[in-house]
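Positions annotated as GTP binding site by Swiss-Prot, on the basis of sequence analysis: 39-46, 66-70, 93-96, 160-163, 194-196. Per Swiss-Prot, Mg(2+) binding site is recorded for S46, T68. The domain 'EngB-type G' annotation in Swiss-Prot covers 31-215.
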Amino acid sequence: MTEYSSLSGIFFHNWVFIRGVPTIRFLPPEGPPEIAFAGRSNVGKSSLINALVRQKSLARTSNMPGRTQELNYFVPDGFSGRPEDLPPIALVDMPGYGFAKAPKNLVDAWTDLIYSYLRGRTTLKRVYVLIDSRHGIKKNDAEILELLDKAAVSYQIVLTKSDKIKSSVLEQRIITTKTKLLKRPAAYPEILATSSEKAFGLEELRAAILQTIAV
């Protein structure tokens with residue numbers, strides 16, 4: 001078990017990119033607990049990761065949907081990678097799904113990569129599924145949730161871009177989302193609302209991640 005208190009400053013560390021994984025055979029050896037971020041293309045995964053670790057350009061952001069085409073691994077800097085000196089956590093930025101304009105063979109490759117990773121990674125502690133707060137859970141999102149349920153992978157919903165809607169609309173979105181999760185066995189019941197642009201909800205997300213890897 002990792003001590004929660006000893007990790008409290010981890011998001012003040014400098015973080016670095018260590019590996020891009022284009023296919024499942026390039027995955028790094030299983031080591032530290034992994035926290036993955038999944039979501040539709042352009043939902044704001046890379047922006048949220050940057051805001052989470054207080055670095056503007058750690059994860060590459062783009063207005064072009066489908067920019068993230070690999071599993072991108074990030075860890076706190078300063079660890080050697082030796083078994084006795086592994087980083088306490090790795091963040092994984094997953095390829096966005098639901099991008100219809102990409103070539104079919106590319107979409108198929110992304111889909112296979114996502115599904116293979118989610119099914120077989122024992123060090124994966126939780127997937128944060130990012131949902132645009134303006135739109136709620138769409139068909140592609142529901143398909144990922146179904147996969148996570150079947151694979152018994154713990155996941156939690158994070159609403160992004162929450163500053164783009166009125167607070168009353170956001171409150172209703174949270175209620176609606178909670179209702180949709182009631183019959184999903186792998187879903188963590190608490191919904192997190194965030195805004196990368198306004199730094200809203202980030203402390204709650206950091207705390208949730210730390211509690212997850214401390215178990």
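For all residues, glycine too, the Cβ spot is worked out from N, Cα and C.
Structure with Swiss-Prot features highlighted.
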residue : record              : Cβ within 10 Å
G39     : GTP binding site    : 28
N42     : GTP binding site    : 19
K45     : GTP binding site    : 27
S46     : Mg(2+) binding site : 22
E70     : GTP binding site    : 16
P95     : GTP binding site    : 27
K161    : GTP binding site    : 23
T194    : GTP binding site    : 26
Taking DSSP three-state, what's K161 (GTP binding site) in: helix, strand or coil? coil
Cα-Cα, whole number of Å: T194 (GTP binding site) versus S46 (Mg(2+) binding site)? 13
Rounded distance in angstrom between the Cα atoms of G39 (GTP binding site) and S46 (Mg(2+) binding site): 10
